[in-house]
């Protein structure tokens, strides 16, 4: 490290500020993409377009492909549809905390967190609670900052996501992410 917060050997930016900035861009883009695929216009999500470098574009594409695969998992969709959003903050933080409760951090779980946040945002759009959208995005980024930032830094920044998902097949990744989220939702329902 040269003190700049970036790894000199191409591992990607690992400063806290850069990880949070990239995380916010990825989350916003992921949620906008999910809303667009649902046919929903989401003016609440429209922000000024931010120029993305090649690495961020690759990360966005990776997240989109995983999201597409997760959308086709009917068991996961059924469980998410059954989530009661009367107290969305409690639901979000309980499910998010449960995903990482065993202390094992990995990119599959980070993607599952983004996917769950996008589903809560889409529920807010469908139920006409647009003020909840920015709030959910804020919760996700707060959780990322408080619980995941150090781990993402240790992985060399967001570029570690591409390395992680570059090795297994998409089907394996999708099954893993869906499993983590399904297990978290099941535990939450039993506790709730």
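Any Cβ shown, glycine's included, is placed from N, Cα and C.
Going by Swiss-Prot, these are the annotated features:
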MOTIF     59-73  motif 'BH3'
MOTIF     98-118  motif 'BH1'
CROSSLNK  128  ubiquitin cross-link
MOTIF     150-165  motif 'BH2'
TRANSMEM  172-192  transmembrane segment
CROSSLNK  190  ubiquitin cross-link
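Long-range contacts of the motif 'BH1' (98-118) within the same chain, counting only residues at least 6 positions beyond its ends with a Cβ under 8 Å from a Cβ of the stretch, are 26-27, 30-31, 34-35, 63, 66-67, 70, 80, 92, 136-137, 139-140, 143-144, 147-148, 151-152, 155, 160-161, 164-165, 173, 176-177, 180-181, 184, 187-188. Same-chain neighbours of the motif 'BH2' (150-165): 7, 10-14, 16, 18-19, 22-23, 26, 55-56, 58-59, 62, 66, 105-108, 110-111, 144, 173, counting only residues six or more beyond its ends whose CB sits under 8 Å from a CB of the stretch. In the three-state DSSP classification, residue 128 (ubiquitin cross-link) falls within coil. Across the range of the motif 'BH2' (150-165), the DSSP-based residue counts are 12 helix, 0 strand, 4 coil. Predicted-model confidence for the motif 'BH1' (98-118) is 88, expressed as mean pLDDT.
For residue 128 (ubiquitin cross-link), the Cβ neighbour count at a 10 Å cut-off comes to 7, with all displayed protein chains included.
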